[in-house]
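**Student:** Questions regarding the structure given below will be posed in turn.
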Amino acid sequence: MNVDLISKYFTTLTDTQIQHFRALEVLYQDWNQRINVVSRKDINELYLRHVLHSLGIAKIQKFNEGSSILDVGTGGGFPGIPLAILFPEVQFTLVDAIGKKIKVVQEVVDGLQLENVKTLHSRVEDLDEQFDFIVSRAVAAMPTFVHWTKGKVKKDSAHERKNGILYLKGGDLTDELKEYRTAQVFELKDCFEEDFFETKKVVYLPQKFKN
Ligand SMILES: C[S@@+](CC[C@H](N)C(=O)[O-])C[C@H]1O[C@@H](n2cnc3c(N)ncnc32)[C@H](O)[C@@H]1O
């Protein structure tokens, strides 16, 4: 499986974007041997399990030029790196509490010479910045995540959709989302035909503001 999987679903990629996506394989294989950020099993399926899965967010929301996105608990750079390649005119901040993971992400950013990505070694709770959208995958259950990211979404929207959280989740979310009446769940199996996406979803949670 290779970069063709990405072109299959994103048909208007530029040569630079294709080169960037292609380069990810070598960069991750190299860095993962030194610092394990992607499980061995997954590294063979990097484009499916990490790159295309991350880009599931882009099937739900196109980010406008000049907007700002925070990836919380980015680990090895997912979903932030693939999204930053897809949206070069959007500013991405990738944060993780573990320094060695952020080191790998920074190496990948440097390797691709991505100019729209800032990496931060920090707990998200300690950030004092605001963003249009917060993206994430596999970091915390929604109530904890909402608590950690409180106050970090800009009030004024630069998109038709209200600013908020776009979270890649899997499985049955009934219990986890029961207190979030405004949450919307988008099925990635409606966007991608591979079996991997059968149970995968994007959860959108618009930000609430007190007046
Ligand atoms: C299971 S990994 C997921 C990594 C990546 N998002 C992915 O899907 O491949 C969870 C990551 O969240 C980070 N993390 C957990 N709590 C955090 C917090 N409060 N602030 C920043 N990072 C956090 C961990 O250090 C870890 O790298």
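Every residue gets a Cβ built from N, Cα and C, even glycine.
Just so you know, TrEMBL annotations never went through curation; they're auto-generated.
OK, TrEMBL features for this one:
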- GLY73, PHE78, VAL124, GLU125, ARG137: S-adenosyl-L-methionine binding site (BINDING)
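Could you place the listed features in the three-dimensional structure?
**Tutor:** Counting every protein chain shown, the Cβ of ARG137 (S-adenosyl-L-methionine binding site) has 24 other Cβ atoms within 10 Å.
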**Student:** Hey, which of the binding-site residues GLY73, PHE78, VAL124, GLU125 is the loneliest by Cβ count within 10 Å?
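**Tutor:** Ranked by other Cβ atoms within 10 Å, the binding-site residues GLY73, PHE78, VAL124, GLU125 bottom out at GLU125.
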